[in-house]
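Per TrEMBL, the feature transmembrane segment maps to 16-36, 77-99, 105-127, 139-158, 164-191, 212-232. Annotated domain 'Major facilitator superfamily (MFS) profile' per TrEMBL: 71-235, in sequence order.
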């Protein structure tokens, strides 16, 4: 993601060329995947009859019977909803909230993304081993969430590049710590170890659905309350 933002920032003044680069990158990587990742044929595999009820039932885990798993799902859903939304609107935040011109904003996005990524990596290397040593998961998730909330205060009070960079350092550390511990937490609270793949697939929904919802939700927040509401929503 960071590399993509760095590259995209170079095409702010010429969006058409940027979209062409994206299209070519997708074509090349898809062709490489098809050529290099040879898969086995599934023609001879037995196919079970499809039953819609059984299919949908496989996605349901009772929050009453497995509250820890439900909380882990909700936490990840909220985390990705906030993170994806801010990342997607960062260019427009820099234009309308900070007051940059498009070319400067494109270049600054690369710096902001690097700072966020670097802070995340450092926090990941600290939080992961420390969580294993202490055998504590939830404590680190709470700390990570608080760091992200604190990070959002800076641009809310300082709509400047300094505020954005301070957010990137603090919230980036929170996101890195969260990602280092969250997977282990999810594994610890799986409803059924025998159906680990299914349960992890359900958790993966919390990664993907926010990508569809965040543009709608964040657009509504901006229209109703302005860009400052994004920082409140993220926290």
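Each residue, glycine too, has its Cβ placed from N, Cα and C.
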Under 8 Å for C-beta pairs, could you tell me which stretch among 16-36, 77-99, 105-127, 139-158 has the largest tally with the transmembrane segment (164-191)?
139-158
Report the listed stretch (16-36, 77-99, 139-158) having the maximum count of Cβ pairs within less than 8 Å of the transmembrane segment (212-232).
77-99
Per-residue pLDDT averaged over the domain 'Major facilitator superfamily (MFS) profile' (71-235) comes to what?
86
